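K.L.:
Sharing a structure here in structure tokens format.
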Amino acid sequence: MTSFGSPPPNTTSPSPSPPMTKKQKSNPELNNTCSTAPAATALPSSCGTLGRHLARRLAQIGVRDVFSVPGDFNLTLLDHLIAEPELNLVGCCNELNAGYAADGYARANGVGACVVTFTVGGLSVLNAIAGAYSENLPVICVVGGPNSNDYGTNRILHHSIGLPDFSQELQCFQTITCAQAVVNNLEDAHELIDTAISTALKESKPVYISISCNLPGIPHPTFARDPVPYFLAPKLSNQLGLEAAVEATADFLNKAVKPVLVAGPKLRVAKAQKAFVELADACGYPIAVMPSAKGLVPEHHPHFIGTYWGAVSTSYCGEIVESADAYVFVGPIFNDYSSVGYSLLIKKEKSVMVQPKRVTIGNGPSLGWVFMADFLTALAKKLKKNNTAYENYRRIFVPPGIALKRENNEPLRVNILFKYIQELLGGDTAVIAETGDSWFNCQKLRLPENCGFEFQMQYGSIGWSVGATLGYAQAAKDKRVIACIGDGSFQVTAQDISTMIRCGQRSIIFLINNGGYTIEVEIHDGPYNVIKNWNYTGLVNAIHNGEGKCWTAKACTEEQLAEAISTATGAHKDSLCFIEVVVHKDDTSKELLEWGSRVSSANSRPPNPQ
């Protein structure tokens, strides 16, 4: 049973901060937080207001940092969030980055939140919330809305599109959130807010809450006491369906000669990582991950064989999976990217597809209301141990080759960069991989125990990683985040490097400067894929402006890279470190070349005959 009064299971949230004095709130240098807003007007503890209720609810569910951009419709609400001792307000440079930060925060913490203003803010954060929806992340998106008296009056407001109908923002959010609440009346505000937040946790999806700007500070009887923690109803499998699914699957797999086990990204939303490991331990099958599930399965497991990504799989992993006579896919998402342009050599009749609430066995039965964790735990007790496929893998495996000998001061190569990044990884680090060639290079990193890994494959929004790095690092203060970001992506969202510095973060950002949108080049090249080169270290130094801890370096050779990393992990281990890595524009992973060709082929299919 999941308590609404504590963070969701399988997540780590930072310990609550002690209450801050008014002086500390007005001077972030005193408490090393990144809130720069002035202290709010003190609110009496007996003051039962909507703003205080929302702030307490966010704290109860495990949110400690709220990412925001102020606007005249949300200012009073922000005062109430600042007044909550367990919340820290993180002001971002724009709404898109605030949404990306809430996404990254939710990945590390289990739930995230952002606050923006009516329409101009709501429509700016929309793209980030859509990405969180695609990745099954509970993000509470709060928007400061129009004065409650303006609804239904035929008035035209600023920040609107010039129509007396204010519903455009709501209509946009309806398709990318699992619940929406427009709070313009105190009578039902309590119910609307609680229903939206609890739905986000139950569905593991974002929600939208619009709160009229004149309501947060008005006392109302429904907020007369602190929010009462309550419990989300547990989800229980249909016992008969569970038993039938386990029996049919065990019969199917126990007849197989060389079965394999493949983890997919929906392991996270099903909270089934522990049950997956139980099954892997029990069955002896080799275990692989789909690319977007990297980081959800421990790679130090003795039977881990790598990433299954069709033609661009980890060496020998794809061959073992596709030659198996039975495969169990747990929480898969098969799209054109994960299937490498629909080219996977997987046959339905050989597969068991385990989704969060359903199990389908080959061409046979499909059983619903069977929950993933329940199913995997029960199946582990029914399978015969079979390590045939893993032994086959061990027989054919050849360790990765050694990079070609280099000359002194030879221009830096990407494969050399990632050799050094591999050496940086430990249980106290996490990797954030931006859309682009970093997808493929980071897939080849072997993650040590407890090393985090995140990227956004389903939505693939370039620029996501800057905000996500900010949010993830803010939630996981025990880890040093290592972000791999291409120059094209960085140009989209660079501003919130300033917020990282203000928050005292110590991430290491590798800016890979190859002069353009390399992933797009390999799908379909054109002059639009070339971007203006920036002085990236100069830009970050300008943002730093002597305030806070930030260090930059530029590496064009292996010698310069080694020296930069040594400094970032030594003298500047407590600083935000930005290392610009200059490489040739055509220096890409072999996997991107193959993947780009196949995705290009899928994109350019001619219309079917009418």
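Cβ from N, Cα, C; glycine included.
Annotations in TrEMBL come from automatic prediction, not curation.
This is the feature table in TrEMBL:
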{"type": "BINDING", "residues": "Asp487, Asn514, Gly516", "note": "Mg(2+) binding site"}
{"type": "COMPBIAS", "residues": "1-19", "note": "compositional bias 'Pro residues'"}
{"type": "DOMAIN", "residues": "49-154", "note": "domain 'Thiamine pyrophosphate enzyme N-terminal TPP-binding'"}
{"type": "DOMAIN", "residues": "246-363", "note": "domain 'Thiamine pyrophosphate enzyme central'"}
{"type": "DOMAIN", "residues": "456-581", "note": "domain 'Thiamine pyrophosphate enzyme TPP-binding'"}
{"type": "REGION", "residues": "1-34", "note": "region 'Disordered'"}
K.L.:
Write out how many residues of the domain 'Thiamine pyrophosphate enzyme TPP-binding' (456-581) are helix, how many strand and how many coil, based on DSSP.
P.N.:
57 helix, 28 strand, 41 coil
K.L.:
Using a 10 Å radius around its CB, how many other CB atoms surround Asp487 (Mg(2+) binding site)?
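P.N.:
Its Cβ has 24 other Cβ atoms within 10 Å.
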K.L.:
Which numbers of helix, strand and coil residues does DSSP report for the domain 'Thiamine pyrophosphate enzyme central' (246-363)?
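P.N.:
Secondary-structure breakdown of the domain 'Thiamine pyrophosphate enzyme central' (246-363): 39 helix, 26 strand, 53 coil.
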K.L.:
Give me the mean pLDDT over the domain 'Thiamine pyrophosphate enzyme TPP-binding' (456-581), rounded to a whole number.
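P.N.:
Computed over the domain 'Thiamine pyrophosphate enzyme TPP-binding' (456-581), the mean pLDDT is 92 on the 0 to 100 scale.
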K.L.:
What is the Cβ neighbour count of Asn514 (Mg(2+) binding site) at a 10 Å cut-off, with all protein chains included?
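P.N.:
By my count, 21.
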K.L.:
Using DSSP, break the domain 'Thiamine pyrophosphate enzyme N-terminal TPP-binding' (49-154) down into helix, strand and coil residues and give each count.
P.N.:
51 helix, 22 strand, 33 coil
